[in-house]
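Below is one structure; the comments refer to it alone.
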Amino acid sequence: MPNSSSVSEFLLLAFADTRELQLLHFGLFLGIYLAALLGNGLILTAVACDHHLHTPMYFFLLNLALLDLGSISTSAPKAMANALWDTRAISYKGCVAQVFFLVFFFGSEYSLLITMAYDRYVAICKPLHYGSLLGSRACAKMAAAAWGSGSLYAVMHTANTFSLPLCQGNAVDQFFCEIPQILKLSCSDAYLREGRLIMFSACLTTVCFVFIVVSYVQIFRAVLRMPSEQGRHKAFSMCLPHLAVVSLFLSTVMFAHLKPPSVSSPSLDLVVSFLYSVVPPAVNPLIYSMRNQELKDALRKLMTLLERTILQHSHL
């Protein structure tokens, strides 16, 4: 039986067999990838350049944009290349790197979303203590903790997954290297070791999810007690985008990994993994900019500046 050391490459799941559909999938991925690059790039530039956005909320949003760019850049380019060149192969080292970075970016993003929930809780429920609890040093430590936890999480799962002997070939039923699909290739007794680690991670994720839910219960109670309708509207404008991003991220990830085997199929797994790995990084900038007037104004200034710069260069 072959083990992991004898596997030199993995075969990813192809989106389609016909050339026309492969090119269609390439175009779809390319459009979503460019939208993610543009949206997150604009948020990064706007937050970095506009001093009005140098606050904890936008600092965390900047980190979220970086993580979104990283996560979609880990899976989408390889999927586009495979669709364009009609191939399924990914090298063993490439698969290891893809697993590590996907777990790193997803783990860091989840930790950051928890931090952002705490930021909204303090802003709404404890506004007088906001400056002391979320100073620049505290924000930097929280962001570093989010990135650090994602790194630790990625090292643990990647090392454990690829230390397992592979007994079921090298065909991965997914368009990127995903831990549950790689575990299907491992020996049954070794599978349990990573399974226990996944269960521990699921329990920790559940605890963090409860923290987010409790935070938002407190936030909504505080918002509904506000006497001013304008104040309630502003508070909801700050909180609802974050809540929408959390809901999109968690619902797709949880459905992908916790759905019962009876409803599982290769096509469904493909669609669900596409929804949680590719769609959120492209949609998150739109969600945050729709109801946030400060961010809209900053993006409008940025676009005006870019337009003026382009016009000046065209007249030279």
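Glycine is no exception: its Cβ is also placed from the backbone N, Cα and C atoms.
Remember, TrEMBL labels are computer predictions, not curated facts.
These numbers come from a predicted model, not from an experiment.
Look at TrEMBL and you will find 23-45 (among others) tagged as transmembrane segment.
Among the features that TrEMBL reports, domain 'G-protein coupled receptors family 1 profile' is placed at 39-288.
Residues annotated as transmembrane segment in TrEMBL: 57-76 (among others). Beyond the ends of the transmembrane segment (57-76), by six or more residues, the same chain brings 29, 32-33, 36-37, 40-41, 43-44, 47-48, 98, 101-102, 104-106, 108-109, 112-113, 115-116, 119-120, 123, 139, 142-143, 146-147, 175-176, 238, 245, 277-278, 280-282, 284-285, 288, 295 to within a C-beta distance below 8 angstroms of the stretch.
TrEMBL lists 96-118 (among others) with the feature transmembrane segment.
Annotation source TrEMBL lists transmembrane segment at 198-223 (among others). With a cut-off of 8 Å between Cβ atoms, the residues of this chain six or more beyond the transmembrane segment (198-223) that come close are 110-111, 113-114, 117-118, 120-121, 124-125, 153, 157, 179, 232, 235-236, 239, 243, 246, 250, 258.
Distant neighbours of the transmembrane segment (235-258): 57, 64, 106, 109-110, 113, 116-117, 120, 123-124, 180, 202, 209, 212, 216, 219, 222-223, 226, 269, 272-273, 275-276, 279-280, 283-284, 287-288, 290-293; these residues of the same chain sit at least 6 beyond its ends, with a Cβ under 8 Å from one of its Cβ atoms. Sequence annotations record features per position, and here TrEMBL assigns transmembrane segment to 235-258 (among others).
Counting only same-chain residues 6+ beyond the ends of the transmembrane segment (270-290), those with a CB under 8 A from a CB of the stretch are 13, 15, 29, 32-33, 35-36, 39-40, 42-43, 61, 64-65, 68-69, 71-72, 75-76, 102, 174-176, 178, 241, 244-245, 248-249, 252-253, 255-256, 259, 296, 299. The transmembrane segment annotation in TrEMBL covers 270-290 (among others).
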Sequence-distant residues near the transmembrane segment (23-45) by C-beta distance (under 8 Å, 6 or more away from its ends) are 15-16, 61-62, 65-66, 68-69, 72-73, 76-77, 79-80, 83-84, 278-279, 281-282, 284-286, 288-289, 295, 299, 302
Model confidence over the domain 'G-protein coupled receptors family 1 profile' (39-288) (mean pLDDT, whole number):
85
